[in-house]
Amino acid sequence: MAACRRVQRLLLLMFICGWIGSAHGGKPDAENPADNLERGKNAAGDGKASALDGASSVRRSGGWKLAEEAACREDVSRICPKHSWNNNLAVLECLQDRKDETEIAADCNHLLWNYKLNLTTDPKFESVAVEVCKTTISGDIHSQGEVIACLEKGLVSEAEEQPGQYTIKEDCKKAIMRVAELSSDDFHLDRHLYFACREDRERFCENTPAGEGKVYKCLFNHKFEESMSDKCKDALSTRQKLIAQDYKVSYSLAKACKPDLRKYRCNMDTSMPRAREAKLSYLLLCLEAAVHRGQTVSGECQGEMLDYRRMLMEDYSLSPEIVLHCRGEIDTHCSGLHHKGRTLHCLMRVSRDKGILEGHCQKALQTLIQETDPGADYRIDRALNEACESVIQTACKHIRNGDPMILSCLMEHLYTDKMVEDCEHRLLELQYFISRDWKLDPILYKKCQNDAARICHTHGWNETSEFMPPGAVFSCLYRHAYRTEMQGRRLSRDCKTEVQRILHQRALDVKLDPELQQRCMTDLGKWCSEKTEAGQELECLQDHLDDLVPLCREVVGNLTELESEDIQIEALLIRACEPVIQSYCHEVADNQIDTGDLMECLVANKHQKEMNEKCAVGVTHFQLIQMKDFRFSYKFKMACKEDVLKLCPNIKKKVDVVICLSTTVRNDTLQEGREQRVSMKCRKQLRVEELEMSEDIRLEPDLYESCGQDIKQHCQNVVFGNAQVIECLKEKKKQLTQQCHQKVFKLQENEMMDPELDFQLMRVCKQMIRRFCSESDAKNMLQCLKQNKNSELMDPKCKQMITKRQITQNTDYRLNPVLRKACKADIPKFCQGILNNAKDDNELEGQVISCLKLKYADQRLSPDCEGQISVILQESALDYRLDPQLQLQCTDEIPRLCAEEVAAQEQTGQVEECLKINLLKISHEGCKKEVLNILKESKADIFVDPVLHTACALDIKHQCAAIPPGRGRQMSCLMEALQDKRVRLQPECKKRLQDRIDMWSYAAKVAPAEGFSDLAGQVFTSPAKNYILSMLAMCVILLFLMGLFCGRITKRVTQELKDR
């Protein structure tokens, strides 16, 4: 209180001037005429000035009693209890409290006003302050209200625990607050504030009448105007701080809210100290709780509350807890930002960026946000209001001004073109604190308070638990929001809608999810420090799910599982995908309850022209995250949960679960008569998952990991998606590493068994499948396409894709399920040597098929196998690329001898014909042998020789129409016709047949029979087999006749010699 002593002499002079003015019956200052008129009830006007003047002089003596004044004696005896009559302050409090309930005489009112005026200007502060505060005030005290002002500042400093403050006794504190309360209706009664703000009052509040605290409120509203004087600002701040400590220091607030305070028993809490329940914060919390419960609070009171909530948000210094606990943050980060709530928002930003979860400053800020409740009316937050005014006028103009939905509207437009940067920052700073207490969102609280009490065991709006972590109630609500009836208690529909709204907002920023931020603080710093764009932090955490600490992994996993059920929680993704949703998914998007249908629709339409890059990336990212845990795929989880527990326990990764269930389905299918162990609904959803996984190699983690190096080396510039990387690896298969090669082979084997899993084939041939194979089973899709490959209506791109798949199939019989089944007995019978030398998951480069071709020429295959080999022979005869052994052995000869034929757009067997013609020029023995095999195979069936078949098509029709194809029958027919001079063949056919005879003769010389079986085979497959067989028969008959007629060649032995 040293400051009080330094002004004593100046105060003495001011007091003398004031005392002289008072002795002449006037007011002790030079008031405006308007102010004198406002009093209206002076002594002269009532004819009782002398009595009041006399009372004024008597009042200077120590024994003067207010209750004994003639003007008030009757009112005091009627209203106030007798034991208080000897205490002027008690009488004043009594009359002050009851004047709104009962009429008090005009003379008494005037006497009370003068007494209150003198009470604040009397240097001796005789009847009140000196007696109570004599240990606080030392020396002579003479002032014009400065003593009270000094004590008030000391009271404020003590509340803020400022360094060097003087401790004021409790009785003195009460007296100071009571004096402040008594001067609350008229600013003239606060002498210090009156003198400090006289000019500002004229400037800003000239037309505001004195009384009922109106001038105070007017000055409060202009406190941050640039032209407001510093001394007035200081005086106003002191009074506002006193109001914060005791709401009764505000006349208008105390008067407006008195009935409501009594109605809702806000000042009758016996378990709480009187000082606590008098605080402005307690009043606000108590009455706000009543409003949130749906109870009625008068409009006048709500208006006053709104003004003071705005006042607290504008000036942080009015909250002692913030001044005390946030002093360091203010000095370090927020100095010089005092005006219009900017300091508070600066503190919010510091707290949000630093993530202080347990700090005292954080708690003080959280308490202030609850007291002011800006979520109920954004206008309470002046900094937010000013920053977002333009956005509200454009994006939220359809919402009533002051409606709580304004904040929700602003959140919906976060990170959109309509949002401005300053508004974005202020909004996120406020939402950071609102998100930590579900009660601060009034709409959520209104819709969910019953559910929260029933399910989460919450208390009233203004009751908090120190043991409940931030966001715990909301976490409880959203866990129950997505439960089924089978899983237990669920939220009401209205509550669930609001929970979904909040979840959509929180997905925009991880800091809006208290549980996530608290548990993942370390991981965010470790893995995601560079992810600063909207929504990137959560994506980063999902990408590193396996690397997170257990607590963080749990909360991220739960949130991801929730997103799988309701992808609209991912607000940024939904915005990016709006064109696709409107075009293809609007029906499922309009459903109030999303059960994974929207994401399934987006995946199915991921390659539509409306799909933009952001949406495609977001959808693919979600697909990749789903691979980490089958629970992240809601529809799959719900369809297969029981099957997974029964058949694939302890398996977590989705891809492993899919493989486990798929293997079970396949095994059950192969074992005829066995009942399927996987349920029908799971099998259907399993099919969807398998098809989705085929679209991107990254959705096959095992394959992607095994081929990572190969992708970088051979497919670096290939874009993921549309199975393009997988297709690239297939084309570069011979150059792949052993590990990757085996995985790709296994993938191709699965695709050939189930062509629907071949994404590229299904995509390129989508229209052709509809045209030719709409009724075909999915397993036979490729077979159907092959059969219609040469149709005039076949799309060229699809035809090219079919050819690719045929080339792949012919590299290994295991890649041709139809052939494998048809030749199940023939392959081990004739080609066991090749199988013994084969390696798992490595192509046999067509060796088994070549083996079967030779046996086909020897006519030793079973009918089913012969039919399939015949088809392969016909196809490969038209396109040399379908004969892998020919390609392998003739790698150099084909481009050297047949470059022109290779370059032809359409392959019609010209390359094989070229090799046959140039057989003598072929130097590579392996290539020569393959061409000779082709010649050998062509003897067995004319369809295997497409050039000859085309040349002789007319002759076959005329000469061999009755002869069925196969087993060389039609070829023998043509040879007989060639030898028959009576038959005239087409010149081209005749020429081609003669060429074939020459080739076969050369082949017989170059590649003679290697055994009796080969010799017999050559005879039976030869076009001249009848001639050869006839000659052999004649030789046998001739030998028989010679033996019959010429007798024995050896000497006859007599019987006697035998018997010796």
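Here the Cβ of each residue, glycine as well, is placed from N, Cα and C on the backbone.
For the ranges 29-56, 197-224, 673-700, the feature annotated in TrEMBL as region 'Disordered' maps to 29-56. Against the repeat 'Cys-rich GLG1' (610-669), the recorded stretches 167-227, 356-418, 677-731, 735-793, 860-923 differ in Cβ pairs under 8 Å, and the greatest number is found for 677-731. In the predicted model, residues of the repeat 'Cys-rich GLG1' (860-923) average a pLDDT of 88. Where the repeat 'Cys-rich GLG1' (356-418) meets the stretches 167-227, 490-549, 677-731, 735-793, 860-923, the count of C-beta pairs under 8 angstroms peaks at 490-549.
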